[in-house]
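Database features (Swiss-Prot):
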TRANSMEM  3-23  transmembrane segment
TRANSMEM  25-45  transmembrane segment
TRANSMEM  59-79  transmembrane segment
TRANSMEM  96-116  transmembrane segment
TRANSMEM  122-142  transmembrane segment
TRANSMEM  149-169  transmembrane segment
TRANSMEM  178-198  transmembrane segment
TRANSMEM  200-220  transmembrane segment
TRANSMEM  237-257  transmembrane segment
TRANSMEM  274-294  transmembrane segment
TRANSMEM  325-345  transmembrane segment
Amino acid sequence: MNPVVLTMILLTIMLGTVIVMTTSHWLLVWIGFEMNMLAIIPILMKKYNPRSMEASTKYFLTQATASMLLMLAIVINLIHSGQWSTTNPLDPTTSIIMTLALAMKLGLAPFHFWVPEVTQGIQLSSGLILLTWQKLAPMSILYQISPTINLHLLLLMSLTSILIGGWGGLNQTQLRKIMAYSSIAHMGWMTTIMIYNPTMALLNLTIYIILTTTTFMTFMMSSSTTTLSLSHLWNKMPLLTSAVLMTMLSLGGLPPLSGFSPKWMIIQELTKNNSIIMPTIMAITALLNLFFYMRLAYSTSLTMFPSTNNMKIKWQFNNSKSMNLLSPMIILSTLILPLSPMLALLE
């Protein structure tokens, strides 16, 4: 893709998200979402082939439906209140429709079907944008309307997302699908706490973006798209192998790594609000995610698949890909947990 065109597209994606996050007018929120959706289609189709074409079409149809629902909610809100302001409280009907629209944009269950299919059909760099940056705008609106969200609807979708995100990734060997199911599960954790403590949901989103970015950068650096190709990382980049081990375990939420921090705080917050069954189910289901990440870590770092002698000398050749940005990202994705006591300042 032409660098000038790519720069313009990326700037449009950023501008659309910034408009959604900063405006207080519902029509501008919708326009920001539309800019964001239309600008990312060329990014998804960067490597033109039938799979990326299919993925882009699925993404467009899903997001267009979500935008239609969002506009319906905005119009109903305008009829009831006579105002375009996002600070105005929503009535129950508008809140439910808007929550469903945002759930579709985020990939929450039962609107999660597009996430693994779209992520699998695109490049790793496009998948990184799809699973990180594209979550910012819907989460910011969910944050704004959190006081008026229907509690039971959101908790039902959140718990279903955590369950599906854990079960769906168990039988996968494609790394992009594993990351997609992990994203569904993480979105479930974030939206669970959104009503009780919206600030904690944003903190969870930040840690999720750090962990996912680090993982995708590792995949891109090693050109790995399957479990088998990742298992050959030891002879391409021996230094990166141990980093992959720690990042995978952190993404699975194993203490004392960074990924455990949001789970710990969310379970603590839910318990404070006299919710016992919900965090218990969530904690048990988190073991499913941890299992498939431990399986990835084991196949990458702790075992050696049968290979030819020629493969064992790959590490001697120079690698042109730079690791400058990856080092601080790996540190952030593994060592944030000791800072958790300082987060009491947010309350």
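Even glycines carry a Cβ here, placed using N, Cα and C.
Same-chain residues lying 6+ beyond the ends of the transmembrane segment (178-198) with a Cβ under 8 Å from its Cβ atoms: 103, 106-109, 112, 115-116, 118-120, 127, 131, 135, 139, 142-143, 146, 149, 151, 154-155, 157-162, 164-166, 168-169, 172, 204-205, 208, 212, 215-216, 251, 262-263, 266, 269-270, 273, 278, 282, 285-286, 289, 292-293, 296. Same-chain neighbours of the transmembrane segment (237-257): 182, 211-212, 214-215, 218, 221-222, 230, 263-264, 286, 289-294, 296-297, 300-302, 315, 319, 323, 326, 330, 333-335, 337-338, counting only residues six or more beyond its ends whose CB sits under 8 Å from a CB of the stretch.
Among residues of the same chain six or more beyond the transmembrane segment (96-116), those with a C-beta under 8 A of the stretch's C-beta atoms are 33, 58-59, 62-63, 65-67, 69-70, 72-74, 76, 90, 134-135, 137-139, 141-142, 145, 149-150, 153-154, 157-158, 160-161, 163-165, 168, 177, 180-181, 183-184, 187-188, 191.
Sequence-distant contacts of the transmembrane segment (3-23), counting only residues of its own chain at least 6 positions beyond either end whose CB sits under 8 Å from a CB of the stretch, comprise 29, 31-37, 39-40, 42-43, 86, 129, 133, 136-137, 140-141. Here the transmembrane segment (149-169) has long-range neighbours at 92, 95-96, 99, 103, 108-110, 112, 116, 142, 177-178, 181-189, 191-192, 194-195, 278, 281-282, 285-289, 292, meaning same-chain residues at least 6 beyond its ends whose C-beta is under 8 angstroms from one of its own.
Within the same chain, residues 155, 159, 162-163, 165-167, 169-170, 172, 178, 182, 185, 189, 192, 248-249, 251-254, 263, 266-267 sit at least 6 positions outside the transmembrane segment (274-294) and bring their C-beta atoms closer than 8 Å to a C-beta of that stretch.
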